[in-house]
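Colleague: As listed in TrEMBL for this protein:
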DOMAIN    95-248  domain 'Ferritin-like diiron'
BINDING   GLU112, GLU147, HIS150, GLU196, GLN230  Fe cation binding site
Amino acid sequence: MLLASTSFSFSLSQRTQLLSSLSLRGPIHDAVNAPNIACGRRFSYGNLGGRLAIQASKEDHSIQSIQNVIFEPFEEVKKNLHVISTEPQASLARQHYNERCEAALNEQINVEYSISYVYHAMHAYFDRDNIALRGLAKFFKDSSEEERQHAEKLMKYQNIRGGRVKLQSLLMPLSNYDHTEKGDALNAMELALSLEKLNNEKLLNLHKLASKNNDTQFTDFIEGEFLADQVESIKKISEYVAQLRRVGKGHGVWHFDQMLINEAAAQ
């Protein structure tokens with residue numbers, strides 16, 4: 001217990017008068033201490049070198065002792081020791097990670113890689129010598145790399161949680177994006193918008209599954225790493241679709257492509 005003390009000294013005549021009327025358990029003592037006990041302050045009296053001293057002591061409640069509580073770490077965990085697997089192929093880090101979440105995460109990895117594959121095919125199309133839209137080619141190349149990074153981030157998280165990454169086969173994407181009415185630029189950008197919305201829907205379903213299984217860490221990971229960026233991507237590509245619909249298939253597509261080049265250079 002910590003004590004903060006304050007002393008008051010009195011003259012001989014004052015000391016005599018006080019001693020004659022003061023007892024350690026008398027009315028004055030009670031009157032002095034009554035309003036102070038509630039706030040932890042007590043007064044004591046003594047004779048120091050021929051002088052009367054009243055000692056005011058205040059208890060510091062910032063440090064409180066905890067009684068009758070014993071923490072025994074081994075007793076807490078020994079009942080769970082048998083849960084740690086000794087199988088060579090089993091994860092030691094896995095905890096509260098549902099198998100359905102693990103399988104759904106592997107499916108999302110496939111979704112990210114599939115979208116990346118399509119964007120890479122679009123990049124190759126617009127990079128052709130007879131198409132030569134370098135702004136669109138770079139935009140879809142960057143988009144492909146971003147989706148691949150998302151897949152790799154999901155793979156890393158799978159390993160962190162003690163799951164097992166299982167990559168699936170990818171379907172061959174289109175190699176030609178020309179469209180009689182829309183033109184190739186608008187056709188490809190509308191397809192990209194549909195893919196981004198599909199990806200967002202898959203991520204929301206993954207988040208819902210994690211919530212259903214009370215996996216707070218998983219839901220936080222999806223929210224913090226993917227959902228906000230996905231909404232921003234949908235907004236950005238939606239604007240590109242609206243602009244391409246305005247300019248049509250002709251010379252306006254070239255100006256739109258130049259805008260993408262300038263945006264990339266400014267970043």
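The backbone N, Cα and C atoms fix where each Cβ goes, glycine too.
All annotation found in TrEMBL is predicted automatically rather than curated by experts.
I'd like these features described in context: how deep, what's nearby, how far apart.
Modeller: With a 10 A radius on its CB, HIS150 (Fe cation binding site) counts 23 other CB atoms from all the protein chains.
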Colleague: Test of understanding: give the count of other CB atoms lying within 10 angstroms of the CB of GLN230 (Fe cation binding site).
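Modeller: For GLN230 (Fe cation binding site), the 10 Å Cβ neighbour count is 19.
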Colleague: Excluding GLU112, GLU147, HIS150, GLU196, GLN230, which residues of the same chain place their Cβ within 8 Å of the centroid of the Cβ atoms of the recorded Fe cation site?
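Modeller: What remains near the Cβ centre is VAL111, ILE115, SER116, GLU146, ASN199, LEU203, PHE226, ASP229, SER233.
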Colleague: Let's check the environment of GLU147 (Fe cation binding site): how many other CB atoms sit within 10 Å of its CB?
Modeller: 24
